[in-house]
Amino acid sequence: MTVDAVNPQQITVGVLALQGGVIEHISLLQKAAAQLSSQSSTPTPQFSFIQVRTAAQLSQCDALIIPGGESTTMAIVARRLGLLDPLREFVKVQHKPTWGTCAGLVMLASAASATKQGGQELIGGLDVKVLRNRYGTQLQSFVGDLRLPFLEEGEPFRGVFIRAPVVEEIITTTAGDDEVTKLKGNLVEVMGTYPKPQGTGEGDDIVAVRQGNVFGTSFHPELTDDVRIHTWWLKQVVEGLKSGGRDVQAQS
């Protein structure tokens, strides 16, 4: 099942309000919507932004942001509130546009390492394995310049990393000699990287990924004044809903 293709005139975007920068995300979403409206020569959808704490509220949403926090705690609270299975339905069956930041990225992964004893429940949607707390404790939080190719040219994006995860593996499944793609029919795209800390190997850490309707970032765009990622994502939401919610494609 996928959502029907529509030409959306009204779009409701939810922010999962169990932990994290809920108000900060909504504030930047409001600024992003205003920017889209002011920049467009054609009518843009009317956006509304709501906090989501129940399955009924989730059912009102056309798209969703899962903010940062502590992913194990978020999963426990979501289970107690009867939200975990509706979230899986929203992301993986209805294929509605979903963005996870920091702990939200962990929740949207298929697997996670460095979890607490006993592991944790995940929503899934991204065929990746994430490493939790890649850069250490809260005291080792930092801000780093990111070159994100999907954004328009300009200043580097100032990524805020707080006990941030990274994507340590993109999961593929093989059957014989043929790679089996998932039912979504989409492969994981690397959307952003950051240099690995000194002494931890060569190359870059993967800090932003997308697969079909699902987008994830290791860092916290909502803790900046930079509206570019929220603006870009709202554009993807509109395009994704027009195409039936299955694919959220980058716009050059």
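Backbone N, Cα and C define each Cβ position, glycine as well.
The annotation L-glutamine binding site is assigned in TrEMBL to Gly69, Glu70, Ser71, Arg132, Ile162, Arg163.
Residues or ranges marked as active site, nucleophile in TrEMBL: Cys102. Less than 8 angstroms from the CB of Cys102 (active site, nucleophile) sit Gly20, Pro67, Gly68, Gly69, Ile162, Arg163, Ala164, Pro165, Thr217, Ser218, Phe219, His220, each of them six or more residues away in the same chain.
According to TrEMBL, the active site, charge relay system annotation covers His220 (among others). All chains included, 24 other C-beta atoms sit within 10 angstroms of the C-beta of His220 (active site, charge relay system).
Residues near Glu222 (active site, charge relay system) in space but far in sequence (CB under 8 A, at least 6 apart, same chain), listed by position: Gly21, Glu24, His25, Ser27, Leu28, Pro67, Thr101, His230. Among the features that TrEMBL reports, active site, charge relay system is placed at Glu222 (among others).
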Query - Largest tally of Cβ atoms lying within 10 Å of a Cβ, found at which of the binding-site residues Arg132, Arg163 - result: Arg132
